[in-house]
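Okay, structure first, notes after.
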Amino acid sequence: MFHSANMSRCVFQVLMRRRFPCHKFGHQSSLSSPYISLLRRLHDGDSQVPDLSSFPPNMIRNFSIIAHVDHGKSTLADRILEFTGAISKDIKNKQVLDKLQVERERGITVKAQTASIIYQHQGQKYLLNLIDTPGHVDFSYEVSRSLSACEGAILLVDANQGIQAQTVANFYLAFTNDLTIISVLNKIDLKTANPEAVKEQMFTLFEIDPDEVLQVSAKLGKGVTAVLDAVVKNVPSPAVKCNIDTPLRILLFDSWFDRYRGVVCLILVVDGSMKKGDYITSSHSGKTYEVKDLGILTPQETPIPHLYTGQVGYFTANIRDTKDAMVGDTFHQRGAQCQPLPGFRQAKPMVFAGVYPMDQSEHTALKAAIDRLCLNDGSVTVQTEASSALGQGWRLGFLGLLHMDVFNQRLEQEQGAQVITTTPSVPYKVTVRGARAIRDYRGDEVMITNPTLWPDISVIVDTSEPFVLGTIIFPDNYLGAIIGLCQERRGVQQEIRNLDASRIIMMYKLPLNEIVIDFFDTLKSMTSGYATFDYEDLGFELSSLEKLDILLNGHPVPELSTIVHSSQARKIGKSMCEKLKDTLPKQMFQIAIQACIGSNVLARTTIKAVRKDVLAKCYGGDISRKMKLLKRQAEGKKRMKMYGNIEVPKETFIDILKR
């Protein structure tokens with residue numbers, strides 16, 4: 001199309017000037033990102049598209065980097081891209097694969113990204129596919145699907161901080177996926193680094209030979225070449241599980257929404273090959289699509305005509321909803337018989353919270369903002385709900401507490417929405433009896449995500465709540481305080497052992513409801529920030545759960561109802577009564593605040609009435625006059641209490657319900 005780099009630069013400048021007369025190269029524009037990246041490459045004279053047909057499966061390496069937060073995963077990825085020439089060496093190259101603002105601010109990875117790079121080892125060129133995955137437990141399913149597209153993983157550990165809770169979780173996740181693990185110590189340039197002690201920890205926990213651990217400084221670029229060489233030599237090629245000669249099968253391991261092209265799917269070609277114009281069918285939904293665009297990430301989007309066996313790339317096919325592109329789904333050629341790849345399941349929300357607009361006049365705008373954001377995050381469930389205090393809103397389901405925080409932050413930053421988020425809760429399972437109850441709940445087992453939907457106590461057979469296995473790593477001098485915290489949160493100790501001479505690793509089985517709100521903050525506070533915490537889902541277990549109602553002068557307030565464990569009911573009820581006493585405005589009559597389970601009152605407090613001084617004008621005289629005035633006032637207060645309507649201000653609900 002273009003005969004020289006000079007002509008391509010001219011075309012780029014003409015197109016940009018026609019679209020934006022005052023446009024300066026490097027500024028953001030409203031053009032779609034893939035077209036901007038294409039024009040940029042043309043401007044730089046890069047019109048060469050890599051020939052992927054020259055890389056059979058045995059010349060491909062698919063790998064990921066797994067690490068605890070702030071151990072240098074993104075920095076190492078930046079250096080790898082620089083050393084292989086994927087990006088230019090520039091001090092501005094920081095977190096290149098983290099595209100979202102929330103990822104850059106928090107220093108975490110939320111969405112998986114890939115980078116296809118070419119590396120020359122011993123005179124032979126290899127195609128390396130770096131799959132950058134989230135590291136937090138909330139996204140563990142997406143991580144497991146991303147790791148299923150790899151054959152190896154770089155386990156990155158900070159030589160200063162040592163092994164942390166997420167390091168343990170990520171190691172076992174990679175281990176259960178049968179990945180070859182390359183152990184790497186980062187930040188060895190720091191004066192406080194102690195690589196020998198950290199190697200000893202890795203040997204104790206993971207039985208990794210200290211002599212096989214590589215040492216790097218991702219910040220300075222030291223040792224990166226040795227890591228790339230280890231990837232080529234030790235990570236198996238996709239040939240071990242991919243087949244060139246069988247019909248097309250594609251693993252979808254992530255997706256996001258582009259308003260111009262629809263859903264962009266990140267894929268691994270497990271079997272066969274695909275090209276632009278192919279018709280492919282989803283094993284999950286059964287829908288068929290035509291491949292409109294096909295390419296690889298280098299890390300910019302680079303269109304290519306073909307993707308071959310074992311290669312990682314992306315495609316678009318006018319898919320308009322991310323729920324039609326579920327993580328873990330298998331795509332195959334239209335009309336062909338296909339055995340779906342194992343491991344697919346739909347995302348299961350574990351934390352629920354109500355989201356309401358600050359002002360009901362913003363309801364329509366907030367609905368549009370949530371819908372747009374859900375296009376980029378298909379794991380969020382949305383259900384409308386109404387509150388007499390907060391108005392119309394939604395009950396959103398998230399994979400975890402961090403997922404909820406990230407969603408709310410993106411809602412504010414990317415959509416400009418201001419919202420009220422209620423205290424997060426977890427789903428509960430209730431088994432009911434009786435033909436009427438089973439008919440009303442459409443089965444004998446019902447999932448409850450909102451306390452107002454809790455069945456009547458007379459039809460409940462048993463109740464269950466989700467449990468997790470928590471891993472805590474901390475200095476040994478905090479042992480007593482942390483055991484006390486875990487027991488207070490109904491934890492059951494599973495394992496405890498020394499990690500090294502000064503640190504302990506401890507595992508506790510904990511109810512998810514006890515850790516979703518303030519467990520991590522309390523843990524960090526009592527250990528001066530030295531403890532790390534991670535958890536994995538254990539499923540539902542039988543538990544003694546009850547619905548706690550709040551009554552004002554005998555009238556229940558549904559918005560303040562909550563599900564509690566029977567052992568914690570009195571404590572939580574007393575706390576809510578005291579909080580309401582401090583926040584509710586006084587009335588002309590006395591207000592009784594009660595916390596009840598059924599007809600059993602667990603806690604009570606009283607807000608005294610605002611009194612008028614009816615004796616102000618009585619100067620001396622007969623005492624019977626004063627008693628008559630006081631008696632008349634008492635009768636008036638009694639009538640007001642009987643017929644008075646207690647209106648709870650919206651600000652009080654926000655104080656009680658808001659996180």
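From the backbone N, Cα and C atoms, a Cβ is placed for every residue, glycine too.
Pulled from TrEMBL:
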{"type": "DOMAIN", "residues": "58-239", "note": "domain 'Tr-type G'"}
{"type": "BINDING", "residues": "67-74, 132-136, 186-189", "note": "GTP binding site"}
**Report entry** Packing count at ILE188 (GTP binding site) (other Cβ atoms within 10 Å of its Cβ)
**Finding:** 20
Requested in this report: Could you tally the C-beta atoms, other than its own, that fall within 10 angstroms of the C-beta of THR133 (GTP binding site)?
Outcome: 27
Report summary line: Counting Cβ atoms within 10 Å of each Cβ, the densest environment among the binding-site residues ALA67, ASP70, LYS73 belongs to LYS73
